[in-house]
Structure formats: C-alpha cells, structure tokens
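> The structure follows.
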Amino acid sequence: MGCGPSQPAEDRRRVRAPKKGWKEEFKADVSVPHTGENCSPRMEAALTKNTVDIAEGLEQVQMGSLPGTISENSPSPSERNRRVNSDLVTNGLINKPQSLESRERQKSSDILEELIVQGIIQSHSKVFRNGESYDVTLTTTEKPLRKPPSRLKKLKIKKQVKDFTMKDIEEKMEAAEERRKTKEEEIRKRLRSDRLLPSANHSDSAELDGAEVAFAKGLQRVRSAGFEPSDLQGGKPLKRKKSKCDATLIDRNESDESFGVVESDMSYNQADDIVY
C-alpha cells in the first residue's frame, strides 16, 4: 500500500497558512508532494514535527514584530515592569524609592551646592558677637582696580588721632599768651577813651559857667538901671500899675533865668504904664 494513504493527514497537520498582509518569505510550503518512494514513516513524522515547530516560531516572530500584538506565551505587564525595574536597578540607572524626607533633604543639599558653586553663598563663615561676616573674593581679571581719590585719603588722615608732643603744647601756650595780650590792649584802649571823654565835658562845663556868670552880671546891671520916675512937683515917686503883660513878662524872665536866657528890657519903658 505504501505511504499513499498517509499523505492527506500529514498535509492537514501542516496547515497554518499566513494571514493577508504578511511577508511572503514566511509562507509555508504546502504544495510539496511526499511520495512513498522517497520517505519512510519515521522520516515523515520527523518532517511533520519540524515543520510545525518552524511554523510556530515564525508566527511568534511575526506577531512580536507587529505593534500591539500579544502572544500566548508573553508575560503579564506586571511581570514585565518588575523585570525592567530590576534590570535598571542592577545597572544603577534608577535609584531605589526613598521617603519624602530623604528626597527633600537631597534637594536642599543640591541647591546649596549649586549656590556655593555660583558664589552666592560661601561655605566658610566667621561668626562674631555683633553679627556675621563673610569673606568676599573678587576676581579682577578684566580690569585692574583704581586707586581711591585723594579726598578720601584726606578724610582718613583727619580721622587718625595724633599723640600730643611738647612742641604742640608750647605752640598752644604761645597762642594763648598772644590772645591774652590782645585782649589786654583792647581793654586799655577802652579805658583811655573813657578817661578822655570826662575831661572834654569838664572844659565844656567851665565855658558854660563863665557865660552864665556874664549873663548874671548883665541882668544885675539892667535891674539896677531900671527906670523909676519920681514926682518932681511933690517930690514923691510915681506909682505904676502892674498890668497883665508885666506879670507874664516877669514869669517869663524868671523861667529864662533858670535856663540862662535873658530878654531885652524894652517892655519896661512903655509910655502907657506911666501914671500921671
């Protein structure tokens, strides 16, 4: 009978035809006839087994190459994540999960290191009683620093306190003596001027006294030479009535005598005042 009747069963076992759109190089050869002359039953079984294994391997490769495909033997997503994390941890690419406190500390330390590298914060600081002081270093590679102006130098020199020497003390003593002498001279000049003023006043007063004496003498002469008519017929002196004008003139004369002023005696010799 031979291998003839076993050919259709073997062909049925080989079937898994590729789907549409797959590559042609992975297609299974189903059209190859197996004759009884060229193969034995053992060889046929081995061939069928090899062809089935090859077809399954090709299917797995093709399914894995396509995006979004999941094979029957593929692991679950949780197992894949575990494997990936374990591989990364072993390679040192990912750190182990840490607590929030350790993460915050690490971030703050990184920030401090960056600030120190930039020069904003300095690592070493000297603490004093009154406060803190930092050592600031400036890089003067671009331009050299200029000297401060002379005005600042003068101010610094003024602020410095000098020790007193004997020469300074002697100079101060001499200056004090000169001031004392000048003050004494000024006082003497004032005293001399005050002494000269009363002598001038005394001479003026003497002149005034002489003039007053002369005026007094003149007044006495005028009074002694006053006109007093006598009655030639009866030998009696004529009487004169005093008028208001005479009273006012007498009062004026008295007041003028107090001031050293004398009026003329023309008013005494008036014809109206004589009574016959």
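Count begins at 1; order follows the chain as displayed.
Note that Cβ sites are derived from N, Cα and C of the backbone, with glycine treated the same way.
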> Which is it, of 1-40, 161-200, that Swiss-Prot names as region 'Disordered'?
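From Swiss-Prot, the annotated region 'Disordered' range turns out to be 1-40.
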> Look up region 'Disordered' in Swiss-Prot and report which of 126-150, 226-250 it refers to.
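Feature region 'Disordered' in Swiss-Prot: residues 226-250.
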